[in-house]
Amino acid sequence: MADGEEPEKKRRRIEELLAEKMAVDGGCGDTGDWEGRWNHVKKFLERSGPFTHPDFEPSTESLQFLLDTCKVLVIGAGGLGCELLKNLALSGFRQIHVIDMDTIDVSNLNRQFLFRPKDIGRPKAEVAAEFLNDRVPNCNVVPHFNKIQDFNDTFYRQFHIIVCGLDSIIARRWINGMLISLLNYEDGVLDPSSIVPLIDGGTEGFKGNARVILPGMTACIECTLELYPPQVNFPMCTIASMPRLPEHCIEYVRMLQWPKEQPFGEGVPLDGDDPEHIQWIFQKSLERASQYNIRGVTYRLTQGVVKRIIPAVASTNAVVAAVCATEVFKIATSAYIPLNNYLVFNDVDGLYTYTFEAERKENCPACSQLPQNIQFSPSAKLQEVLDFLTNSASLQMKSPAITATLEGKNRTLYLQSVTSIEERTRPNLSKTLKELGLVDGQELAVADVTTPQTVLFKLHFTS
């Protein structure tokens, strides 16, 4: 897409490509539905109105596409995911897959309405699918009790639209990278049939957002990574010697006392879903809090700090899920112009919404298809490069593995996910880039948990 393309022409082109991708075949089979079941949907698809797409032609084919053909993947079956699944099933979408790696906890029941007390301990995806398949006639929800990383590109390519209700930025970035990897280019021109639209929703307390991402055409997750706040971490000196907040006491026990005392046996890791582990952290945190006259340590707060739980409000989930489901409907039917492309919701004080067009970043590490330029002195140590990859607001990598081609061989400079390799490559962190044999213009390949793709960086030496 040309950089100088006018916004209106750009919007029209996107709409045409979406309509082409969602084009449906004529003909419809017997759905077994009772008369009047889909009247509420037909009002949007079988007649025109002031808000319909200028090129939309009312017909029965769009509804049949939803009922018989359109395949939607919902990632996440938590507070937002339950709302999404319900909205999609009642809007005519019947071919729905859902992925969630979590099991149901008693704390979920107040807002995740597809679950009941008898379901505690069972996989969220499986219970949600069972509930909807039983409650909504002819609905076929297929559950996957897995991580999103467990599936390959063939799996994701089968869906017409993917919608996310995640509480993890890492997972968002990974699925963003996966959908970008599905894109096909012919002579530098994007093949629109390879685009799998991504609808992403997120909530925190009384705030939320929803966005429409057309990989390769509009701003992706990485283009706007700076919008996501970094995870709150407390300085170790404060935690150890000057605690002031109940969170400081909990973090002290989690980070220092647990590995030192190993209360459940040598090498047993802390499990945030194990009540006995949380109870131990809670009691030790109370003891430390009493030493510093700190109040406010509760079992719920302990669980929230250990599991990094994001505050959830049912009404916020309902609003954001409604927006996301509406965008799925608009894209699937091409009946209405989709959101362009980012919506913010806030009802902390009154009600506020705002929509704006997030712009693509020219040098986005995910969707620009360009190597990322980084500048360092030849005397800089590899540790400085590692710090840059993890601390940069536009990269925010978690455990980058750095490799380079030296003397015709692919060499791992540092990899921390495998203990034996980490121990072998750790000395490289204290070496300079020149000592490692890197030269000006050297390409570094970096792998990270935030993306299924390897990110290429071009190293430029500064004088």
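The backbone N, Cα and C atoms fix where each Cβ goes, glycine too.
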Ranges 40-45, 142-147, 352-357: which does Swiss-Prot label region 'Interaction with NEDD8'?
352-357
Need the matching range: Swiss-Prot marks region 'Interaction with NAE1' on one of 32-38, 242-248, 263-269, 284-290, and I'd like to know which.
242-248
Swiss-Prot tags one of 53-70, 89-106 as region 'Interaction with UBE2M N-terminus' - which one?
53-70
Can you identify, from 77-81, 157-161, 307-311, the stretch that Swiss-Prot calls region 'Interaction with UBE2M N-terminus'?
157-161
Look up region 'Interaction with NAE1' in Swiss-Prot and report which of 84-87, 136-139, 172-175, 292-295 it refers to.
292-295
Minimum Cα separation from Cys237 (active site, glycyl thioester intermediate), reported as the residue among binding-site residues Asp100, Ser107, Gly121, Gly165 that achieves it:
Ser107
Count the residues of the region 'Interaction with UBE2M N-terminus' (53-70) that DSSP assigns to helix (H, G, I), to strand (E, B) and to coil, and report the three numbers in that order.
9 helix, 0 strand, 9 coil
How many other Cβ atoms are found within 10 Å of the Cβ atom of Gly165 (ATP binding site), counting all protein chains shown?
27
From binding-site residues Asp100, Ser107, Gly121, Phe151, the one whose Cα lies nearest Arg211 (site 'Determines specificity for NEDD8'):
Asp100
When the region 'Interaction with NEDD8' (352-357) is classified with DSSP, how many of its residues are helical, how many are strand and how many are coil?
0 helix, 5 strand, 1 coil
Same-chain residues at least 6 beyond the ends of the region 'Interaction with NAE1' (242-248) whose Cβ lies under 8 Å from its Cβ atoms:
234, 285, 288-289, 292, 294-298, 301, 305
